[in-house]
Amino acid sequence: MPVSNAQLTQMFEHVLKLSRVDETQSVAVLKSHYSDPRTVNAAMEAAQRLKAKVYAVELPAFNHPTAMGNDMTAYCGDTALTGNLAAQRALEAADLVVDTMMLLHSPEQEQILKTGTRILLAVEPPEVLARMLPTEDDKRRVLAAETLLKQARSLHVRSKAGSDFHAPLGQYPAVTEYGYADEPGRWDHWPSGFLFTWPNEDSAEGTLVLDVGDIILPFKNYCRERITLEIEKGFITGIHGGFEAEYLRDYMKYFNDPEVYGISHIGWGLQPRAQWTAMGLHDRNDGMCMDARAFYGNFLFSTGPNTEVGGKRKTPCHLDIPLRNCDIYLDDKAVVLAGDVVAPEESRAR
C-alpha cells in the first residue's frame, strides 16, 4: 500500500538514528535523475530533523555498452563515479552517505569506505522500505549467526531437489547486512537481514539445483523448471535443464569472460519480514528485489566478482540466486534445515 511522504521521512529518521546520525554528523545524499525523488527528499529532511549537516551530490547516469536491462545489480564495474575524483572526495568528506543511485561492487565505493565514511544504500520502493524497516533485533540476530560463520571452516548445502554443495571457508571474511550503517567504514543496505562469506579460491565443489519456484536475480523470475549447476574448483562447469537453463547459459556466455562462472558470496537469509512471494507483486523495474535476497531461511549464492573482499575475479556479470528448502551446515552443524533457521538459537525469529 502507498506510503505517505510524512511516513517515509519518519522512517528515514528512524534508520538514520540507528546509523548514529546526530548534530555532530555530516550526511551526503548521492542521487541521479533516476533516483526516487521521494526517497531523496525524505533522506534530506530526516537528516535535517536530526540537525546533521546535509548536502546532495548529483551525478549523471552511466550505462556501460555491455550492460543489459535496467537492474543495476546486473553489471559490475564502472559507475557514474568512475574517474570523478571531485565527487568522490565530496562523498568521503561525509560521515554517512545515503546512496540512492547504487555504487555497489565499484572500486570507488571501497575507497570511500576505507576513509571511515559509512554508506547506506536505499533504492527499494517506499512500501518495501516500510515493511522491512530495520530494528536493533535484526542486528542482534544477524550478529549471532555471524559468530558461527566466522568460526566455520566449511559450508555444506543439501536439498531434496538434489543440491549437494561443499565450500571450504576461511580465506575471506564474513559480511553482515542488517539495514543500517552504525560503524565507521560500514556499508549496509536498507532493507536487508542476512549474512554471507566467500568460498576459498578455486575450492567450491558439488551440485546446486534451482528448483521450481526458486529465483534468479537480476532476471527477477521464478523458475518453472529445474536447473542443475555443476561446480568444480570454484566454477560452474555445467548448466543443465530445459529452456531456462539454455537462457541462463546464453546470458552468461554473452559476457565472454570465464570469470563470470565463479562462485561468489554464499550465505543465508534471516529477515522474517522479507517474503519469497513479494517479487511477483512488483514490476521488474520497481527495485532490486531485496525480499528475494533476505527471506528467512533461504540459501543465497552468487556468481561473478569477489574483488570487494580482495579476491581476484573482476568481472561485469553478477547473479544472485536464492534457493528455498535447503539444509545448510557449518562444519557439520545445521544452521538451516528445510528452509527454516535452527541455529544459533539467538538468530531465530520469534
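The backbone N, Cα and C atoms fix where each Cβ goes, glycine too.
Among the candidates His265, His282, the residue that Swiss-Prot annotates alongside His318, Asp320 as binding Fe cation is His265. Taken residue by residue with DSSP, Asp320 (Fe cation binding site) is part of a strand. What surrounds the Fe cation site, by Cβ distance within 8 Å of the Cβ centroid and not counting His265, His318, Asp320, is the set Thr73, Leu217, Ser264, Leu300, Phe301, Ser302, Thr303, Gly304, Leu319 from the same chain. Sequence-distant neighbours of His318 (Fe cation binding site): residues of the same chain at least 6 apart with a C-beta under 8 Å from its C-beta are Thr73, Ala74, Tyr75, Cys76, His105, Ser264, Ser302, Thr303, Gly304, Pro305.
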